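Noted in TrEMBL for the protein shown:
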type: TRANSMEM; residues: 12-32; note: transmembrane segment
type: TRANSMEM; residues: 44-68; note: transmembrane segment
type: TRANSMEM; residues: 89-111; note: transmembrane segment
type: TRANSMEM; residues: 131-154; note: transmembrane segment
type: TRANSMEM; residues: 163-185; note: transmembrane segment
type: TRANSMEM; residues: 191-214; note: transmembrane segment
type: TRANSMEM; residues: 235-256; note: transmembrane segment
type: TRANSMEM; residues: 268-289; note: transmembrane segment
type: TRANSMEM; residues: 310-333; note: transmembrane segment
type: TRANSMEM; residues: 353-371; note: transmembrane segment
type: TRANSMEM; residues: 383-403; note: transmembrane segment
type: TRANSMEM; residues: 409-430; note: transmembrane segment
Amino acid sequence: MLTSTAALYRRVWMFAWPAILSNISVPLLGLVDAGVLGHLSSEIYLGGVAIGSTLFTLVFWAFGFLRMGTTGLVAQALGQNDHQETRQWLAQSILLALVIGFFLILLHRPLLDLVLPLFNPAVEVAEQARIYFTTRIFSAPAVLINYAIVGWLIGMHRPKGPLLILVLANLVNIVLDLLFVLGFGMATQGAALATVIADYASLMLGIWVVRGTLADRPGTFTRAMMLNLTAMRRLLLLNRHLFVRTLCLLGTQAFFTAQGAQNGNHILAANALLLNMLLLISNGLDGFAHAAEALTGEALGQRREDRFKQIVRVTGYCSLICAVLFFIAFSLLGRDIINLLTNIPAVAETAAAYLPWLAAMPMFAVWCYWLDGVFIGAVRTDMMQHTMLAATLLVFLPVWYFTRDMGNHGLWLAFSAFMLARSAGLAIAYRSLSRSRSWVSDNRSESVG
């Protein structure tokens with residue numbers, strides 16, 4: 001038993017470390033933009049990119065089910081050794097990503113006109129946000145297809161693939177940010193254009209990685225597979241809960257940014273830096289969540305509930321260790337990181353005042369990140385939706401409302417309570433399903449090959 005558990009720890013770690021590195025690299029795209037623009041002469045560029053990137057996230061991450069849903073379905077198909085079904089979910093997810101990406105480009109101006117006023121930014125900041133969004137939206141197809149590819153690779157137990165894809169994206173983005181923003185003086189538009197080019201470069205690499213993964217596996221892509229409406233309907237039905245869940249999460253983050261904007265450009269810019277640092281934390285913790293997604297999905301595909309629960313325990317312990325390390329790192333080095341990201345004294349001082357909230361966040365949030373991975377692998381997205389709705393409507397908004405007199409501290413308190421509520425809700429749901437022994441009986445994956 002001890003040997004088996006030790007082997008599982010090694011397997012989780014070997015799966016998680018590339019996922020941690022690749023996930024940490026995701027917010028680096030925003031951190032690089034923020035760091036370069038934070039060294040320009042005015043804070044309006046940083047504020048504009050903060051709102052513009054939040055708008056971009058609000059629109060694009062609403063379709064994060066292209067990543068999460070694909071992982072759970074593919075992991076269970078892999079557990080059943082059904083290689084044709086793993087191709088089915090890849091084909092369907094890419095087709096869906098293309099359709100959504102096309103319509104986002106087509107409708108991006110009315111979307112921007114609808115959402116931007118909600119932030120009520122200063123005129124000069126709003127103009128920079130508009131420049132950033134209208135440039136970066138043209139990466140929609142690349143970003144969404146990459147969601148599907150990354151989800152498929154995680155489900156196929158190929159975590160090094162997403163790492164390669166995202167490392168390339170960051171390298172291209174860093175080089176082009178420095179060239180366009182500091183070299184050519186393109187400011188906000190240069191930062192957005194650099195990210196667009198990086199997104200398409202990473203897509204090309206993603207396609208190459210997928211081809212390599214499929215080379216030694218049986219099965220073929222067919223037209224019938226692409227046009228299988230039954231499979232597409234199942235994909236959409238399984239992910240409708242993830243869509244609602246993601247909208248709640250993004251709505252909370254957008255509300256957070258909008259409320260910060262009401263308190264002036266210094267608060268807006270400081271919160272932008274701290275939220276980018278929070279993305280670094282959350283994406284790092286998600287490394288073990290990704291391990292949980294792939295490994296629990298495989299175990300349930302094999303209908304091995306004992307193995308499933310063992311994986312849950314091991315990934316939980318690993319997630320907690322990672323959270324403690326993040327807490328220590330940001331407690332000791334948080335001010336130094338802030339100073340690296342901006343040389344505007346007022347913004348740096350403001351961000352430092354709220355740093356304790358950020359440093360404590362890993363301990364509040366680790367549980368919901370980890371359990372998200374468990375429920376994605378189990379394809380129990382309904383529970384994720386219910387807990388997110390409750391945390392948003394019954395915790396975040398009421399706590400914010402009753403702490404408005406605390407200003408930005410009240411906003412951070414509400415966000416911390418929101419994370420704790422998500423964790424508690426998912427823990428209750430996990431305990432309920434475990435007591436009723438419902439994990440295997442509720443997760444029978446139908447072959448659609």
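Placed from the backbone N, Cα and C atoms, the Cβ positions cover glycine too.
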For the transmembrane segment (383-403), the distant same-chain contacts (Cβ-Cβ under 8 Å, at least six residues beyond its ends) come to 241-242, 244-245, 248-249, 251-252, 255, 259, 372, 375-376, 409-411, 413-415, 417-418, 420-422, 425-426, 429, 433
Proximity verdict for the transmembrane segment (191-214) and the transmembrane segment (163-185), three or more C-beta pairs under 8 Å | yes
Sort out the residues at least 6 away from either end of the transmembrane segment (131-154), same chain, that have Cβ-Cβ distances under 8 Å to it, and list them.
-> 19, 48-49, 52-53, 55-56, 59-60, 63-64, 66-71, 74-75, 86, 89-90, 93-94, 96-98, 100-102, 104-105, 108-109, 112, 116, 161-162, 165, 188-189, 191-193, 195-196, 199-200, 202-203, 206-207, 209-210, 213, 290, 293-294
Mind checking which residues of the chain, 6+ beyond the ends of the transmembrane segment (409-430), have their Cβ under 8 Å from one of its Cβ atoms?
-> 252, 256, 259-260, 312, 354, 357, 360-361, 364-368, 371-372, 374-375, 380, 383-384, 386-388, 390-392, 394-397, 399-400, 403
Grab the same-chain neighbours of the transmembrane segment (44-68) for me: Cβ-Cβ under 8 Å, and only residues 6 or more beyond its ends, written as numbers and ranges.
-> 30, 33-34, 37-38, 93, 96-97, 100, 104, 108, 111-112, 115-116, 119, 121-122, 124-133, 136-137, 140, 143-144, 147-148, 150-151, 154, 187-188, 191-192, 239, 242-243, 246-247, 249-251, 253-254, 257, 261, 265, 268-269, 271-272, 293, 342, 344, 347, 376, 381
